[in-house]
Amino acid sequence: MNENLFSSFITPTLMGLPIIILIIMFPPVIMTSSKRLVNNRFHTFQQWLIKLITKQMMAIHSPKGRTWSLMLASLIIFIGSTNLLGLLPHTFTPTTQLSMNLGMAIPPWAGAVILGFRHKMKDSLAHFLPQGTPIPLIPMLVIIETISLFIQPMALAVRLTANITAGHLLMHLIGGATLVLTSISLPTAMITFIILIMLTILEFAVALIQAYVFTLLVSLYLHDNT
């Protein structure tokens, strides 16, 4: 029996309708604010995490750039929680979809670029032509810098998609090998099972690291334009 390795990355449907919107909305639902006078441990941890993220991300920013702190904190929490929820068995990981990751990368990148051209026109245009460039190389460098600017959101999305997809595929392959080896060689199956556990722990770290890297790069793009 042949199994499609990429079947877990296909957008799930309910009665023929895609339910990815419900999946995307799930992390914000579990991160709702508390209406209690005294917060429980979960909401206390949530507030501490937001303050820590804001402090780390906004240290290099000007007052104008710090107005993006809530958006960046929401972005890293959303990506991190979505990646972690995708590690649960029989679940769908939205961040394995390039279209969704592009949807998260393009708006903040475009907002940062527009903000730069609006408030720092000369500095933004100076990025296209480094100082001291020989005159014959000016047209080529302008084209290269323009292409590199528009590649930034694609690089963000592809990096996140590739890392999350690769980890899930490895877990799928090693898990399948473990099931097959249980009926062939139990000692070998135990070794592959230990490898699977170690890989799962590594994927937990990768899920959080990729959320941090994605948001950090958005923060750096914002810093370059404010």
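Here, residue 1 is simply the first one shown, and the rest follow in order.
Glycine is treated like the rest: Cβ placed from N, Cα and C.
Among the features that Swiss-Prot reports, transmembrane segment is placed at 10-30 (among others).
Annotation comment: Swiss-Prot describes 68-88 (among others) as transmembrane segment.
Within the same chain, residues 9, 11, 20, 24, 64, 68, 71, 75, 79, 123-124, 149, 152-154, 156-158, 160-161, 214, 218, 221-222, 224-226 sit at least 6 positions outside the transmembrane segment (97-117) and bring their C-beta atoms closer than 8 Å to a C-beta of that stretch. Swiss-Prot lists 97-117 (among others) with the feature transmembrane segment, giving sequence analysis as the kind of evidence.
Residues 98, 101-102, 104-106, 109-110, 113, 127-130, 214, 217-218, 221 of the same chain lie 6 or more positions beyond the ends of the transmembrane segment (138-158) yet place their CB under 8 Å from a CB of it. The feature transmembrane segment is assigned by Swiss-Prot to 138-158 (among others).
Annotated transmembrane segment per Swiss-Prot: 164-184 (among others), in sequence order, evidence recorded as sequence analysis.
Taken from Swiss-Prot, the feature transmembrane segment applies to 189-209 (among others). Beyond its flanks by at least six residues, the transmembrane segment (189-209) meets 80, 83-84, 86-87, 163-164, 167-168, 170-171, 174-175, 177-178, 181-182 of its own chain at Cβ-Cβ distances under 8 Å.
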